[in-house]
Amino acid sequence: MASSSSSFTFFRRLLPLCSSKQRAKFSPFSVREGLGGAFRGFSSVSSPEQKISALKEEVRRLEDDSSVPDDEIEKIRREFDAAKQCFLKIPDALKRMPKMNPQGIYVNRNIRLDHIQVYGFDYDYTLAHYAANLQSLIYDLAKEYMVNEFRYPEVCMNFKYDPTFPIRGLYYDKRRGCLLKLDFFGSIELDGCFYGRRKLSVEEINEIYGTRHIGRDQARVLVGLMDFFCFSEACLIADMVQFFVDAKLDFDASYIYQDVRKAIQHVHISGVVHQKILLDPHRYIVKNEQMLFFLKMLKEKGKKLFLLTNSPYYFVDGGMRFMLEEYMGSSDSWRELFDVVIAKANKPDFYTSEHPFRCYDFEKDTLAFTKVDTFLPEKIYYHGCLKSFLQITKWHGPEVIYFGDHLFSDLRGPSKAGWRTAAIIHELENEIRTQNGDSYRFEQAKFHIIQELLGRLHSTVATSQNRAAYKTLMDELNDERRQARGIMKNMFNGSFGATFVTDTGQESAFSYHIHQYADVYTSKPENFLLYLPEAWLHAPYDIKIMPHHLKVPASLFKEY
């Protein structure tokens with residue numbers, strides 16, 4: 001009985017796009033007739049040799065019967081022509097589809113918020129929201145450092161940050177100098193491979209890599225660009241590679257990465273970017289009253305709060321005061337919201353090292369020499385490690401949730417330690433708004449229809465009589481699919497497309513890492529205000545790609 005049901009399900013997948021009435025007429029028994037009786041008479045054949053002989057005879061007869069593929073190709077042609085007529089307008093059903101919430105919390109693994117007693121936060125791009133022009137500042141400071149300290153040509157000072165070029169989650173190939181967007185399975189996106197600022201063709205990708213799939217050996221020379229500072233880093237890498245290519249100068253791609261990486265790190269470690277931000281906070285930092293409401297709500301519910309950041313305390317203090325104290329009383333301090341404040345934590349080493357905590361005197365800018373065996377609310381702490389943190393606080397396992405923007409530096413360690421994790425991905429809001437638009441959903445539905453027709457055409461064997469019609473239809477379908485894919489890609493980013501999915505609708509490698517290390521993800525921590533503190537956050541049981549990505553079914557266009 002199970003076998004019969006499975007066969008029926010299989011045959012339903014072979015059905016052309018047709019009305020429900022037409023589908024109702026179809027059954028596994030009509031398939032037997034429609035395939036020219038390919039199954040008839042087998043039940044009366046007894047020996048294995050006779051069965052094989054009969055099967056070969058049926059195969060030869062089907063190969064000689066050119067009307068079967070002719071009929072199927074003609075069916076696909078008619079359905080494609082009918083679909084193109086439907087493409088002229090957006091179906092009403094498409095407009096009625098539910099829309100995802102740009103401020104929603106999206107769940108990979110179930111969380112009961114009533115079980116969460118401790119909330120931990122990173123600072124940069126988690127508690128602190130920055131304006132878009134911060135990327136230009138980081139780019140310019142790193143570029144100047146490369147020219148002044150590494151003696152890159154003076155002409156590089158003319159480079160400008162291009163916000164339309166990079167996305168988060170790219171990979172840089174240190175051996176070949178390519179920027180890559182990979183899908184969930186480690187394959188290179190068709191239109192997502194750049195050498196400098198030039199997009200490589202599929203033929204060039206195959207020539208360089210041999211295949212679109214990145215194997216284990218090739219993956220060793222790839223570095224992921226995953227945090228919010230990666231935008232300026234990716235753009236500067238591509239611009240430097242392009243300079244050497246245009247100048248026809250020999251260069252080692254790994255040196256480009258090392259120099260850009262060192263320059264970006266210098267910008268942060270030296271404090272030069274922190275000083276620039278605090279000198280003009282209105283230009284770079286976004287005030288955030290909702291964050292204050294969120295933190296106060298947690299305190300009122302009796303939750304414990306801690307801040308764990310790699311930034312120095314003076315920068316965190318200046319930013320928090322700018323963001324919040326306009327909405328606080330004159331005698332209040334943002335530090336009263338947190339039970340523990342830890343700066344210069346040196347994540348991700350914080351999670352694996354055994355560095356001791358040091359008490360920091362922010363008035364004298366000195367570190368105490370006394371052993372830290374308890375955390376006091378009015379004190380600031382530097383360095384430390386997760387092992388000591390757990391010993392001092394006794395905050396263990398699933399009662400703790402930590403918010404951060406960097407999947408590796410912020411969330412991988414807590415995830416392995418048994419904490420719950422929340423990824424903060426600011427670009428999520430804009431991507432969901434794009435996906436909610438009728439234009440995107442329309443192109444997505446078109447794409448799925450073409451994919452379905454292409455799949456059926458690929459499974460049809462062309463004969464000498466119909467090879468021309470087969471090739472013409474194949475070319476037309478591929479052109480239509482290519483056009484829909486390009487339109488969807490340009491709605492997000494003209495160079496690399498969407499952050500979370502590839503142009504073909506598969507999850508990106510960035511999405512894979514979110515699955516690995518984030519129990520939930522959202523655009524801002526204060527989005528939790530939209531949910532009750534006792535809420536149960538459930539992962540959708542029927543989602544095959546990212547929970548925030550609603551797939552538009554091709555069936556919306558099937559009623560021709």
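Glycine is treated like the rest: Cβ placed from N, Cα and C.
Unlike curated entries, TrEMBL annotations are predicted automatically.
Among the features that TrEMBL reports, Mg(2+) binding site is placed at Asp122, Asp405. Here the Cβ of Asp122 (Mg(2+) binding site) has 26 other Cβ atoms within 10 Å, regardless of which shown protein chain they belong to.
As annotated by TrEMBL, active site, nucleophile applies to Asp122.
Residues or ranges marked as GMP binding site by TrEMBL: Asp124. If you take the C-beta of Asp124 (GMP binding site) and look for same-chain residues 6 or more apart in sequence within under 8 angstroms, you find Tyr130, Phe228, Thr309, Asn310, Ser311, Asp405.
The active site, proton donor annotation in TrEMBL covers Asp124.
Here the Cβ of Asp405 (Mg(2+) binding site) has 21 other Cβ atoms within 10 Å, regardless of which shown protein chain they belong to.
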